[in-house]
Amino acid sequence: MDTIFLSTGRYELGELGSQMEECIQEVQRLEEKRKQLLAEVLKLRGNKNREEEAEGSNDEEEVTEEQMDSKVAELMDILKSEEEGRREERKKEIQSLREERAEEERRMWKVNLERQELQDELRKLKMRLFAMVRACTHSQASLNNQRREVELLKREEEKLQSLVLQLTEESCHLRSDKQQQLLQLQTQRQAQTSSQNSNAQQELTECRRQSCGDIQQYLQGGLRALENRYEPILLALLKRREATAGALVRAKEQAQELRAQLRPLSDEIQQLKLRRACLEEKLKIICIHRKEDAGRYKETVYFLEESSRELKTEFKIQKKKTKDIEEMRDRLTKQLRLYRAAIEDHNECDHEQET
């Protein structure tokens, strides 16, 4: 019975030994894999010295568990510090991009404010120009009215001059008619008798004097009637002519003043238009720069997010691998304890058999 128990115990110990050998080989394989993973992580970090140390550690026959744990802890601390450094760099980059965006928004606000001020100034100048043009058109209309009145006065003056000429011609005709009548009377007197006395001559002279007086009275009465009729009209026309001449002079002076005021306003409008064009071009350039900065900002944010995701995935993978290695180590330690306990029991059985 004891021999059967010993044979079964030896058989179990052999199986347990083979399992332990397999576990030891698995542990060695996992340690090699862990070293390779450490070397890959160090390569990713770009640290050549640590790479060489990792490669040198691959060439060694055995590495203690404490050294491996310390290396893993050191590597995890380094990865955490690098991750924190990357986060700080990303925060700084995002903060700088936000500051640049705020600066661009301030510049855009200033440009829009300047454009609004220029539009207000241009609107005021347009209102002033419209008022001056309206005053100029009003003055031009009054000037045209006065010119028409002057033309009417000239026509009336021409009519009056023609009337005066007609009256003078009529007076000349009347004088010529009276002279002819006098000549006829004289010829009649001379034809009647040549023996008339001095009384007849006196009658003839009186008749001549009376006829001349009648003609003068008729002419003076006609002239007075013409003067009484046309003198107030002529005076009113002269007054209107003087008034229109003065108004014409004032209108010309006002038109010249308006032209003189209009010239600097037109120059100022041209300058404002040029300034507005420059500001619009500047605004277009700022908009283009803003779009480019926004594109760069989006690309940077996308790149940072991608790198952050990659680092997170790498960290998760490394954490999972470390966890798997720790679980494997725990299992191996448990199996090793069982193996040691079995060996101790086997040794005790051998010792009892020897005794």
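Backbone N, Cα and C atoms are what each Cβ position is placed from, and that goes for glycine too.
Unlike curated records, TrEMBL annotations are generated automatically.
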Range annotated as coiled coil in TrEMBL, from 199-240, 241-282: 241-282
Contact set, same chain, for the coiled coil (241-282): CB under 8 Å, 6 or more residues outside the stretch: 111, 114-115, 118-119, 121-122, 125, 128-129, 132, 135-136, 139-140, 142-143, 146-147, 149-150, 153
Integer mean pLDDT for the coiled coil (80-170): 78
